[in-house]
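Enquirer: The following feature annotations were taken from Swiss-Prot:
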| type | residues | note |
| --- | --- | --- |
| BINDING | His126, His429 | Cu cation Z3 binding site |
| BINDING | His322, His378 | Cu cation Z1 binding site |
| BINDING | His490 | Cu cation Z4 binding site |
| REGION | 538-634 | region 'COX2-like' |
| BINDING | His579, Cys614, Cys618, Met625 | Cu cation A1 binding site |
| BINDING | Cys614, Trp616, Cys618, His622 | Cu cation A2 binding site |
Amino acid sequence: MSDKQTDKDEKTGLSRRGFLGASALTRSAVAASGLVGGVMTRDSWAAAAKEAQQKIHVAPGELDEYYGFWSGGHQGEVRVLGVPSMRELMRIPVFNVDSATGWGLTNESRHILGDTAKFLNGDCHHPHISMTDGKYDGKYLFINDKANSRVARIRLDIMKCDKITTIPNVQAIHGLRLQKVPHTKYVFCNAEFIIPHPNDGKVFDLEDENSFTMYNAVDAETMEVAFQVIVDGNLDNTDADYTGRFTAATCYNSEKAFDLGGMMRNERDWVVVFDISAVEKEIKAGRFITLGDSKVPVVDGRKKDGKDSVVTRYIPVPKNPHGLNTSTDGKYFIANGKLSPTCSMIAIDLLPDLFAGKLKDPRDVVVGEPELGLGPLHTTFDGRGNAYTTLFIDSQVVKWNMEEARRAYKGEKVNYIKQKLDVHYQPGHLHASLCETSEADGKWLVALSKFSKDRFLPTGPLHPENDQLIDISGDVMKLVHDGPTFAEPHDCIMARRDQIKTRKIWDRNDPFFAPTVAMAKKDGINLEEDNKVIRDGNKVRVYMTSMAPAYGLTEFKVKQGNEVTVVITNMDQIEDVSHGFVMVNHGVSMEISPQQTSSITFIADKPGLHWYYCSWFCHALHMEMVGRMMVEPA
C-alpha cells in the first residue's frame, strides 16, 4: 500500500492501527514541514522539532498564557498548571489529606469538610469554572467526588476549597457541568449508580421500581442541593446549553444491570435531556417528593406507561455512550459512542419541539452521527466549526468538521474527517483552550492519555499518565509536549490568565477563617497582637502571632491528656512569606500564609518536652524559628 493510500485510509477511518502505532511526533513533523508522503531530511526534522519547542517555551521570568486546572482523580486534589509550558504551579487539596498545608488536619479545613472529614480519600474527575454569559468569570471552580458522592467549590482568588456538599440519597457523583448563561446558578451533577430507595438493606434488586438514580442540581452560591430528578437507567456525563434551559446526560446502563455483559446488552442506550425551567415549575407548583431525611425536592423524570415526563426526554443513541459535550457555537450536544465508532449530534434548537410533542420520534433531533474510529470517549472544539474526539482503542485524536458531518448524515458525499493524530496512549478526556465557553480560541488542546508505556523513564510497576499538548492553531494538529502526571487526572480546563484574579496576601476579614476569629473573640483575644494561653477545663487554646523568623510564643505548658488548640496568625505582609507549624511526634502540620489565621487541635498525650518548628522556609533563620510544648504528666 502506498503512503498516499495509507493517508487516505487514516482520514476515512478505514485503517486499524496497532497499539503503539506510528510516532505522533513523526506525523506532526512531517505535516509541519509540508512533506506529507515524502521523506524528511535531517534539516527539515530539526526545523520541525525546533518550531514545536518554541511554541511551548516560556522563558524564565515570563508567564504562561493560560491557567490550566487538572483534576487529581483518586488522589483527591486539583492541580494548577501553566499552559503552554505545562509547568505545575500549585496543588489544591480538596478531598485528600495534605500535610504541607494541613488540609484535612486544620480546624478550618475540617470545618469545610464537615461530617465527611472522616473520609481520607476522594476521586475527583471534572473541574469546571463558573461563568457569566457563557464566559469564565474566574470566581469559582467546582469539582466532583465520585468516591464519596460529594461536590466541592474552590475559590479561585485564594486557590482554596471553601465549600463541600454531600449529595443525599445517591451514590458516585461522576459527570459535572455548570449552567453557562446567564450565569452559573446551578452546578449539575450526575449520580452514576442505581440504588434502592430506601437503601436500608431490605431490597437489592435493581429492577425494582424504587431502584433508581438521580440528576442533581447544586446552588452555586449556597452549595445546597437545589433539586434532584429521578431518571430511568443510570447517568454518566453531562453538559449544559447556552440558553439556560436544557442540560443533557448520557446513560450507559439502560438495562439497569450490575454485570459487564448485562450493561452491554442493548444496542442502544440514550441521552436524557432535562428541561431545567420545567423542573423549576414543577417544584414551584409543589409537584415533588422528598426522600428519607432529606428536604431536597425530588421530581420524577422517568417515563410512565410509555409517556414522557414533563421534565425529561430520552433520545436513543448507539450503545454505552460516555462523554457529553456542548459545541461552543451552542448548536449541538455531542454524545460520544464508546462502544460505537460514532458520535451523535443532537440539535439543541430542535429540543423545544421535542418537548412540545411536535416531533414523531426522539431520534429526529439527531442530525449527525459521524463514524470516527474505535472508542470515541470525549469531544472538544476549536471555535472554528471543528470538533476533536478521543479514540481510546485507536490511540488517536480525530479532527472532524461538524457541519460537514451533518451534511454527510443527509447522504451527501463529504469527507468530514480532517486529520487523525496518534497519541500515547489510550486517550480519555481532551480539552481545548476555552472550549467550555463561547470564547473558544482554537490554540491548544490537551489529550489526557491513560497509559504512558514507553514515553518516560521507568518508575516501577506504577506508571505516570501522559498529558500531551497539541497545537491546533493551524490546519494540522501538531503534538508538541509529553507531560507525565501522577495518578490520575481525568479532565482539565483552561482559562486565560486575565480571567483569574488571585490575592497576593490574605484579607484579615476573609470568611475562610471566620469561625476561628469568632472563637478568639469569645476568648477575648486580639489575634493580631495577643500571645496568650486560655485554659478551659481540659481544653487549652494557645494563641500566638508569627513574623519570620519567630513565633510570638516560644513555649507553653499543658497537662497530659489536654485537648490543645494552637491558633497562629501570620503578621507578615510580604507575599510568599508563608509560615508553617509542626508539633514533632504529634501528627500536627499546617500552613499559615501572610495575614492568615490557622488553627489545629490535638491531644497532648505524651508527657515531656516537645518541640514545634516552622516547616516552611520563610527566612534565613528559618531553622531557628522554633518553640517547645511542655507536657506535665497527668
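Note that Cβ sites are derived from N, Cα and C of the backbone, with glycine treated the same way.
I'd like to know what surrounds each of these features in this structure.
Expert: In the three-state DSSP assignment, the secondary structure recorded for His126 (Cu cation Z3 binding site) is coil. Of all Cβ atoms in the protein chains displayed, 24 besides its own lie within 10 Å of the Cβ of His126 (Cu cation Z3 binding site).
Other Cβ atoms within 10 Å of the Cβ of His322 (Cu cation Z1 binding site) number 21 in total over all chains.
Taking Cβ-Cβ distances under 8 Å and a sequence separation of 6 or more, the neighbours of His490 (Cu cation Z4 binding site) in its chain are Ser71, Gly73, Cys124, His125, His126, Gly428, His429, Leu448. Following the DSSP three-state reduction, the secondary structure of His490 (Cu cation Z4 binding site) is coil.
Per-residue pLDDT, averaged along the region 'COX2-like' (538-634), amounts to 98 for this model.
Around Cys618 (Cu cation A1 binding site), taking its Cβ as the centre, 23 other Cβ atoms fall within 10 Å, counting all chains.
In sequence order, Ala548, Pro549, Cys614, Trp616 constitute the residues six or more apart from His622 (Cu cation A2 binding site) in its chain with CB-CB distances below 8 Å. DSSP gives His622 (Cu cation A2 binding site) a helix state.
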Enquirer: I'd like the per-state residue tally for the region 'COX2-like' (538-634) from DSSP, helix first, then strand, then coil.
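Expert: Going by DSSP assignments, the region 'COX2-like' (538-634) contains 3 helix, 54 strand, 40 coil.
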Enquirer: Across all chains shown, how many C-beta atoms besides its own are within 10 angstroms of the C-beta of His579 (Cu cation A1 binding site)?
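Expert: Neighbour count, Cβ to Cβ under the 10 Å cut-off: 29.
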Enquirer: Using the alpha carbons only, what distance in Å do you get between His579 (Cu cation A1 binding site) and His322 (Cu cation Z1 binding site) once rounded?
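Expert: So the alpha carbons of His579 (Cu cation A1 binding site) and His322 (Cu cation Z1 binding site) sit roughly 45 Å from each other.
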Enquirer: Could you tally the C-beta atoms, other than its own, that fall within 10 angstroms of the C-beta of Trp616 (Cu cation A2 binding site)?
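Expert: If we count other Cβ atoms within 10 Å of Trp616 (Cu cation A2 binding site), we arrive at 20.
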